[in-house]
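Here's the structure, in structure tokens; my notes come after.
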Amino acid sequence: MRTNSLLLQSFLSLILLLRIVKPDPDPLQDYCIANSRTPQTFFYNGAPCINPELAKFSHFGTSALSKPGNTRANPFGFNVTLTNTLNLPGINTLGLVLARVDIAPGGLVPPHAHPRASEVTILITGSVLVGFVDTSNRLFTQQLRPGDSFVFPKGLVHFLSNLDSKSPALTLSGLNSQNPGAQLSSLATFASRPAMPDDVLKAAFQINGQDVSKIRRNLGG
């Protein structure tokens with residue numbers, strides 16, 4: 001009986017915790033302009049604030065997303081440019097990030113997940129196939145045309161693929177966390193440091209040792 005009582009208490013506590021947990025805490029003031037110049041001696045979530053009396057309009061604007069990114073920097077043909085507390089100090093503690101995603105002709109933002117945020121993306125130019133997989137392994141996809149939007153639920157694996165082999169594509173995204181994180185599925189499994197055991201990868205993907213070595217080599221692992 002005591003064990004059942006403890007399990008019930010733990011279950012109720014977990015429900016309560018899940019109901020109050022949010023991606024990012026709500027700010028306790030109008031804004032907290034990030035202080036990126038003073039060295040931190042105490043580390044915590046977010047960045048320290050400057051004196052609110054020193055706030056300027058320039059702290060709340062940025063041109064960081066105005067220029068195309070280098071899609072040749074990786075073998076997949078994409079580049080993500082993010083707002084952060086360095087290029088947009090006023091974003092600190094607001095619980096959001098903006099992202100510019102450039103995809104080369106025929107390029108791909110490979111399957112990945114954001115552990116701390118949901119994402120909504122809007123296609124600006126091009127023709128892009130997007131999709132995510134839920135925890136029942138159901139795939140939800142849609143071909144986007146300029147002006148179309150699509151949402152990726154928090155923590156679920158998703159992708160963006162440029163269907164045009166001749167022209168680049170551009171999307172803009174918003175994520176509901178100041179630090180959403182991003183984990184590419186392929187790199188996490190085949191290019192980790194230290195390397196994931198070969199036997200684990202062979203069993204998980206039903207491949208042989210040669211396949212593991214080839215994939216690792218192709219991904220820089």
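For all residues, glycine too, the Cβ spot is worked out from N, Cα and C.
Fair warning: this is a prediction, and the values are worked out from it, not measured in the lab.
Annotated features, as they stand in TrEMBL:
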{"type": "SIGNAL", "residues": "1-23", "note": "signal peptide"}
{"type": "DISULFID", "residues": "C32-C49", "note": "disulfide bond"}
{"type": "DOMAIN", "residues": "63-213", "note": "domain 'Cupin type-1'"}
{"type": "BINDING", "residues": "H112, H114, E119, H158", "note": "Mn(2+) binding site"}
{"type": "BINDING", "residues": "H114, E119", "note": "oxalate binding site"}
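Spacing of H158 (Mn(2+) binding site) relative to C49 (disulfide bond) is 34 Å (Cα to Cα, whole number).
Using the Cβ center of H112, H114, E119, H158 for Mn(2+), the list of other same-chain residues with Cβ within 8 Å runs, in sequence order, A113, A117, F132, F152, L156, V157, P180, A182. With all protein chains in the displayed structure included, the most crowded Cβ environment within 10 Å among the disulfide-bonded residues C32, C49 is that of C32.
Within 10 Å of the C-beta of H112 (Mn(2+) binding site) there are 18 other C-beta atoms, taking all protein chains into account. Taking each Cβ in turn and tallying the other Cβ atoms within 10 Å, the top scorer among the binding-site residues H114, H158 is H114.
All protein chains shown were included, and the count of other CB atoms within 10 Å of the CB of E119 (Mn(2+) binding site) stands at 23. On the backbone, the CA of E119 (Mn(2+) binding site) and the CA of C32 (disulfide bond) stand 23 Å apart.
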